[in-house]
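A.B. asks: Mind having a look at this structure? Questions to follow.
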Amino acid sequence: MAQTLLNDTFLRALLREPTDYTPIWLMRQAGRYLPEYNATRARAGSFLGLAKQPDYATEVTLQPLERFPLDAAILFSDILTIPDAMGLGLDFAAGEGPKFAHPVRTEADVAKLAVPDIGATLGYVTDAVREIRRALTDGEGRQRVPLIGFSGSPWTLACYMVEGGGSDDFRTVKSMAYARPDLMHRILDVNAQAVAAYLNAQIEAGAQAVMIFDTWGGALADGAYQRFSLDYVRRVLAQLKREHDGARVPAIAFTKGGGLWLEELAATGVDAVGLDWTVNLGRARERVAGRVALQGNLDPTILFAPPEAIRAEARAVLDSYGNHPGHVFNLGHGISQFTPPEHVAELVDEVHRHSRAIRSGAGS
C-alpha cells in the first residue's frame, strides 16, 4: 500500500519550501520530563532496555506526539550505540551517565577498532525505525508526521570513546588529538565510515530525515574544529543516501557551540544547520543566504519561565527569522528532565499560532 504523509511541513521546511506555519519538534522530546516515559522506562528496566527493545523504543517515540501536535517524530535511541557495537562495553550507571568499560586510549586500542556490521550489531535500531513508521501510519496508509533518524558525529563519539564517558574538559581526547593526531584521525576515520553506514541503514529502514549531533564540536578551538570535527561531518554527508523511495531525505547537522562556524557548516552539503541559543537567528539567516535551512534555537531553560514569558520568547525567535522559508523551530539543546510538560504545550501552541500570523501578515 502506498503511504501518504499527512503532515510534511517539517520536510518542506528543511528543503526551504514555503509552509503555512513553522514546524516544531524538540531535541529529547521523548524523555524524562514526561511521566509516561518514566513509567515505560521502569517497565523496560533501564535506559538501554528502552533503547534496545524496538517495542519500547516505539512506545516512547510516540509519547510526545500523543501530548503535543509536534511536526516530526525522532527515533528514540542514544548517540553511543555505535561505539557500543564496536565492543567498548556501554553502561549507564545510575546518576553517573554513560560509561565505557573499554575506552580507546592506546595504539593497540585504536588498531582493534572496526566499522561494526550494522545488521548484526545494530539491528534493534533499524527494527525500531520500521516499527515506528508502522505505528505512525494508519490502516489506510496515512502517516501522521515524518520520522527523523540520527547519529552522533565522529568527533563527539570519539570524545566518549577516548574519555570513557562524559567529561568536563575533554583533556584526554584533546591531548590525544594534539599529541597523537595520527591516532585521532584513525579513530575518526572509522567513526565516519560507521556513522555513514548507520544513518544509511536507518534511511533504508524508513527514516525520512537524518540528523548528526556534534554535541562536543564546540569544545574544540578554531582550526582544531575543522580538522577533527567538521571534516569528518563532511565525509559522512558525502556518503549518505539522499533519496529513498523516490523522496529526498534531508540531512541536518548540529554543532553545539558552533555558531562561529555557521558558514562552514552550511557548506558541508547539509540541508539544514541546527543552532544553539547563543546565535542570533535573523543574522544567521543572512549569513547562510538561503543556502540551507536553519533549525533552532530557543534556550531550553526558558521552559521554566511562566507561560506568557515562554510565548513571548517563542515569538521573538520567530520574529527574528521573519517571514522566510527554511526554518524549523527547536530548542538550542535537549529539553531538561525537569521541564513541566504543560509548558511544552504552551510553546508548541505559540509557535504554530504566531508563525501562521506571520505568514498572513498579521504578525510582527
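Each residue, glycine too, has its Cβ placed from N, Cα and C.
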A.B. asks: The substrate site in Swiss-Prot includes R28, Q29, A30, G31, R32, D78, Y160, H333. Which of T215, T255, T268 is also listed there?
C.D. replies: T215
A.B. asks: Where among the binding-site residues R28, R32, H333 do you find the Cβ with the fewest other Cβ atoms within 10 Å?
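C.D. replies: Across R28, R32, H333, these binding-site residues, the one with fewest Cβ atoms within 10 Å is R32.
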A.B. asks: Would you find the one among the recorded positions A30, D78, Y160 whose Cβ has the most company, meaning other Cβ atoms within 10 Å?
C.D. replies: Y160
A.B. asks: Write down the Cα-Cα distance for D78 (site 'Transition state stabilizer') and A30 (substrate binding site), rounded and given in Å.
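C.D. replies: About 12 Å separates the two Cα atoms.
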